[in-house]
Amino acid sequence: MSRLITQDLIINVPDRCDGTALNIALEPGQIWGVLGPNGAGKTTLLHTLAGLNAPRSGHVLLDDQPLETLRRRKIAQILGMVFQERLDGFPATVLETALIGRHPYLSLWQMEGADDYAQAESALEQLDVAHLRHRLVSTLSGGERQRVAVATVLTQAPGIWLADEPTNHLDLHHQSAVMALMAQQAAQGSAIMMCLHDLNLAARWCDHILLLYPSGEACWGPRDSMLVPSALERLYQQRLATVEVNGAPVFVPVS
Amino acid sequence: MAMRLWQPLSLLAVMAIATLLFSLAVGSAQLSAAQLWAVMQGQGDALARTMVIDLRLPRALSAFAVGGLLAVAGALMQVLLRNPLADPYVLGLSGGASIGALAAMLAGVGGVLMSGSAFLGALLSTFLVFGLAHGSGGWTPSRLLLTGVVVAAGWGAVITLMLALSPAERLPGMLYWLMGDLSYARAPWPPLLLLLLTCIVLMPLGRSLNVLARGPQQAAALGVDVRPLEWGIYVAASLLTAAAVTTAGSIGFVGLVVPHLLRLLLGNDQRLILPACALAGGTLLVLADTLARTIIAPEQLPVGVITALLGVPTFLFLLYRSR
């Protein structure tokens, strides 16, 4: 069980004024959705929370310790990141790719053991890509690669998930499957924060929402207080129609 | 899991030893297996002993060390720059070394002074490229690569200028050095020790290199301290290349082709690829050097010509067959 707290955090988006300082607590079991238009700083925020980008000011605390005082290896044992963009580098198979999720747990001389393989196989199984285990990642479709990336973090088994558009490239069924997996992880005590472009996924699966405006302003809170049509229309500069399906709001852009 | 590593490595080690023995036996005077055995026991006639122990052995071991160093340096550069076209010379290192060596030759000095001059040239080029690529901000692989390529092109022009201005009687020696020449390699132990040390240091870092090959951010997110590791690779690869170039001139192709060849055959686990590069690179260069000094014996061919003639078709064939 791990928690991530920000103290007066200002993320460093070039050529932008400071905006709202973020004081967020990402607690075990919570699922946060980060919403905002392109360029609002969603990815920068996640990278800052993961310690990959330095903040302009403020602090990120991982289990009450400032992120910058922790070793990368220690951070990686607690915090996993699903990236939006991935480099292919050298050819690697799907199984090899999932296995690197075990990297933070293995000592220098240690080779991956049967347990590590079992964890990677099980993750591939859960993401429905186990049948591709010996294929080269570069030969997969965009959606399949996305699922392999999620499987890699699942193999890493972090207590905190930071996922940058985890449903990118996925078909409808696999979008739901990945979100259900996130909900399952949260139910088991993980804390999850993800950037999303799909308001309806956020409405269906997230319990907390953070709205990021291009100006640097931000507001956050429980889902129902945040997913208000007027706030969302201002966020995206887009008129929305709201309908109710099975008791949950569904947002549709209208011209 | 460990078997997966040891099987190919033992096979490569056996090939390396067989090639070394072969290179001791053949040459302008051939030795039979029995004669070679006698020499290794400390017996046999004095001439054969001198030939094997004083001439062929140091040269073969030097060739092995240089080939191994170049292949490992190439593999490291490819991971560092995340570019399959990278080789040990891509950052202009061989150009710097060549200018050092040619300047020494022009000044009429040889031996240790020439090696020292080549080594200085290599280091100078390394610092120049890194300093320029670093600029005011941080360096990125693409910036480092581009800086290296441009600096190398600059060195190329200077080399041509030096060749054009050199007296005719010095030209053959210079051209041989530029194509790679092991006939002056008499001290195999420093590069061999360096190769061994490098392999021992790199083995535990192999998995981190695997992760780094997927990009710095992914690597950092998985617990790798990216900057120190990248620095380490850069310094190590430069040092290995400088040692190789100083020993045997700029031998092309080993550093580019051997890592790729092994990746096509063995996959992409650096824990396997790096020691395999040391063994296979060494073997290839011993074989090439043996051919270089036997094909038209007692005359010798530049070994770089042979590595290219052996490597190009093999590499193209494997690439053609790969998926």
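The backbone N, Cα and C atoms fix where each Cβ goes, and this holds for glycine too.
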Any idea which of B:33-52, B:113-132 is down as transmembrane segment in TrEMBL? B:113-132
Is the number of Cβ-Cβ pairs under 8 Å between the transmembrane segment (B:89-107) and the transmembrane segment (B:300-320) three or more, considering only pairs separated by 6 or more positions? no
Do we see three or more Cβ pairs under 8 Å linking the transmembrane segment (B:270-288) and the transmembrane segment (B:113-132), pairs being at least 6 apart in sequence? no
Does the structure show the transmembrane segment (B:113-132) and the transmembrane segment (B:231-258) touching, where I'm treating 3 or more Cβ pairs under 8 angstroms (sequence separation 6 or more) as a contact? yes
